[in-house]
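Scroll down for the structure; my scribbles are underneath it.
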Amino acid sequence: MSFHQQFFTLNNGNKIPAIAIIGTGTRWYKNEETDATFSNSLVEQIVYALKLPGIIHIDAAEIYRTYPEVGKALSLTEKPRNAIFLTDKYSPQIKMSDSPADGLDLALKKMGTDYVDLYLLHSPFVSKEVNGLSLEEAWKDMEQLYKSGKAKNIGVSNFAVEDLQRILKVAEVKPQVNQIEFSPFLQNQTPGIYKFCQEHDILVEAYSPLGPLQKKTAQDDSQPFFEYVKELSEKYIKSEAQIILRWVTKRGVLPVTTSSKPQRISDAQNLFSFDLTAEEVDKITELGLEHEPLRLYWNKLYGKYNYAAQKV
């Protein structure tokens with residue numbers, strides 16, 4: 001079988017692999033970064049992924065505390081740096097570094113690389129009181145990293161429409177990406193965010209795109225959504241996860257996923273060996289919206305939008 005890879009084009013003209021197959025958060029997240037918490041398993045998964053064909057998209061973040069593992073894997077691979085797309089995030093809510101610039105300098109040192117391909121503000125919750133700079137000032141810091149070449153692209157994560165509007169008022173460089181929770185059961189993390197990003201040429205990245213399968217029970221098999229995904233899985237001879245991930249990309253969204261199983265990592269990197277029709281994409285969208293909203297993260301803050309957001 002021939003290998004197919006697809007890319008999204010960002011608003012600055014740069015290309016980004018259309019799926020991130022190694023997310024180093026979620027299952028790999030840890031509360032401290034020590035020799036005792038070092039995960040050889042994560043290193044093995046990254047090294048395995050880096051042996052696959054194509055440009056490999058790895059998603060990291062300050063808050064995950066997995067820089068040592070990413071750095072170790074990068075030191076072991078024979079894949080050239082320009083065949084690796086590395087995303088990192090400054091996490092203001094945990095105050096591990098003084099600013100985006102400080103955070104990135106620490107990250108680059110720990111990962112043993114001179115630059116990241118994408119650097120994100122992990123949340124909009126930046127304040128003078130906690131971080132010593134406002135959201136707008138944090139974005140200006142991000143722009144300097146972009147201009148210096150330490151970050152080839154810059155963006156945000158978990159931003160609502162009003163947060164992006166604040167950034168856009170002062171931006172010399174528009175965010176290239178907004179990484180949010182997105183799945184068939186949560187098609188707007190906050191009201192109107194998917195449409196707003198599309199209208200402003202900001203690529204949406206989806207974390208937890210497979211939430212519906214993660215939380216699926218035996219009783220769910222008879223629900224219309226899962227019945228239809230199974231039908232498509234049998235039609236295309238693909239896993240149900242591949243069907244959902246392909247739906248995500250057909251919505252113009254970049255899925256961020258990961259697995260400890262080599263076959264699933266390979267399946268994700270080979271996602272573009274098949275396609276869904278427009279009708280199939282629309283039906284998954286409709287059946288997903290009919291299902292009760294499923295939010296895995298930020299429930300305290302954004303849970304109030306669960307039903308209203310899906311109607312936008």
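Keep in mind that glycine also has a Cβ here, set from the backbone N, Cα and C atoms.
What Swiss-Prot lists as NADPH binding site is Gly25, Thr26, Arg27, Asp59, Ser157, Gln179, Ser208, Leu210, Thr257, Thr258, Ser259, Ser260, Lys261, Arg264, and the listing cites similarity to another entry. The annotation active site, proton donor is assigned in Swiss-Prot to Tyr64, His122. Taken from Swiss-Prot, the feature site 'Lowers pKa of active site Tyr' covers Lys89. The annotation phosphoserine is assigned in Swiss-Prot to Ser123.
Location within the structure of each feature annotated in Swiss-Prot.
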residue : record                               : Cβ contacts under 8 Å, 6 or more apart
Lys89   : site 'Lowers pKa of active site Tyr' : Ala60, Ala61, Glu62, Ile63, Tyr119, Leu120, Leu121, His122, Ser157, Gln179
Ser123  : phosphoserine                        : Ser91, Pro92, Gln93, Ser157, Asn158, Phe159
Thr257  : NADPH binding site                   : Ile19, Ala20, Ile21, Gly23, Pro209, Leu210, Ala241, Leu245, Ala268
Ser259  : NADPH binding site                   : Gln45, Ile265, Ala268
Lys261  : NADPH binding site                   : none
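Ranking the recorded positions His122, Ser157 by how many other Cβ atoms lie within 10 angstroms of each Cβ puts Ser157 at the bottom. A separation of roughly 15 Å, to the nearest angstrom, links the Cα atoms of Tyr64 (active site, proton donor) and Ser208 (NADPH binding site). Residue density at Ser208 (NADPH binding site): 23 other Cβ atoms are found within 10 A of its Cβ, drawing on all protein chains shown. With a 10 A radius on its CB, Tyr64 (active site, proton donor) counts 23 other CB atoms from all the protein chains. Look at Lys89 (site 'Lowers pKa of active site Tyr'): DSSP puts it in a strand.
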